[in-house]
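Novice: First, the structure itself, so that you have it in front of you.
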């Protein structure tokens, strides 16, 4: 993300916002505020409320996307005007990205059938990752 991103969104360029954006930019999946806190703590001291304020300001200006997921947590990611889907382990919360979008043809169909301008969708698959499944099998 270049230095003009914050300027073009009419946001002040602060070290904290730049650090949060760099963490989100390098993340393979969307992150919670707590995960961002953990990843930024070694570089800069910020309270969780400061992180939330920065995330909300960035989301309000559409610099990042904010989504409430099925697990009840809010996740944040860079708004590169594409979308990602994920597979989430219900035991350890490991999240892996799904590279392809299985809903593109459905989205096109719905738009043509209903006249809606589809602005996005959210898809998560839930399951148990191989590590947790192996641990669970050992305890039986």
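Using the three backbone atoms N, Cα and C, a Cβ is placed for every residue, glycine included.
Because TrEMBL annotations are produced automatically, they should be read as predictions rather than curated entries.
According to TrEMBL, the feature Fe cation binding site maps to 83, 104, 121. The Zn(2+) binding site annotation in TrEMBL covers 89, 92, 129, 132.
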Novice: Measuring Cα to Cα, how many Å separate residue 89 (Zn(2+) binding site) from residue 83 (Fe cation binding site)?
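Specialist: It is 20 Å, counting Cα to Cα.
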Novice: Measuring Cα to Cα, how many angstrom lie between residue 104 (Fe cation binding site) and residue 129 (Zn(2+) binding site)?
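Specialist: Approximately 26 Å lies between the Cα of residue 104 (Fe cation binding site) and that of residue 129 (Zn(2+) binding site).
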Novice: Judged by the number of other CB atoms within 10 angstroms, which among 89, 92, 129, 132 is the least packed of the binding-site residues?
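Specialist: Across 89, 92, 129, 132, these binding-site residues, the one with fewest Cβ atoms within 10 Å is 92.
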Novice: Give me the sequence-ordered set of same-chain residues, not including 83, 104, 121, with a C-beta within 8 angstroms of the centroid of the Fe cation site's C-beta atoms.
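Specialist: Counting only non-site residues, the set is 85, 101, 103, 107, 120, 123.
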Novice: Other residues with Cβ within 8 Å of the Cβ centroid of 89, 92, 129, 132 at the Zn(2+) site?
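Specialist: For the Zn(2+) site the neighbour list reads 90, 91, 93, 94, 128, 130, 131, 133.
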Novice: Under a three-state reduction of DSSP output, how is residue 132 (Zn(2+) binding site) classified: helix, strand, or coil?
Specialist: helix
Novice: Could you round the CA separation between residue 83 (Fe cation binding site) and residue 129 (Zn(2+) binding site) to a whole angstrom and send it over?
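Specialist: It is 23 Å, counting Cα to Cα.
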Novice: Sorted by position, what residues of the same chain at least six away from residue 121 (Fe cation binding site) have a C-beta under 8 A from it?
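Specialist: Those within reach of residue 121 (Fe cation binding site), by Cβ under 8 Å and sequence separation of 6 or more, are 83, 103, 107.
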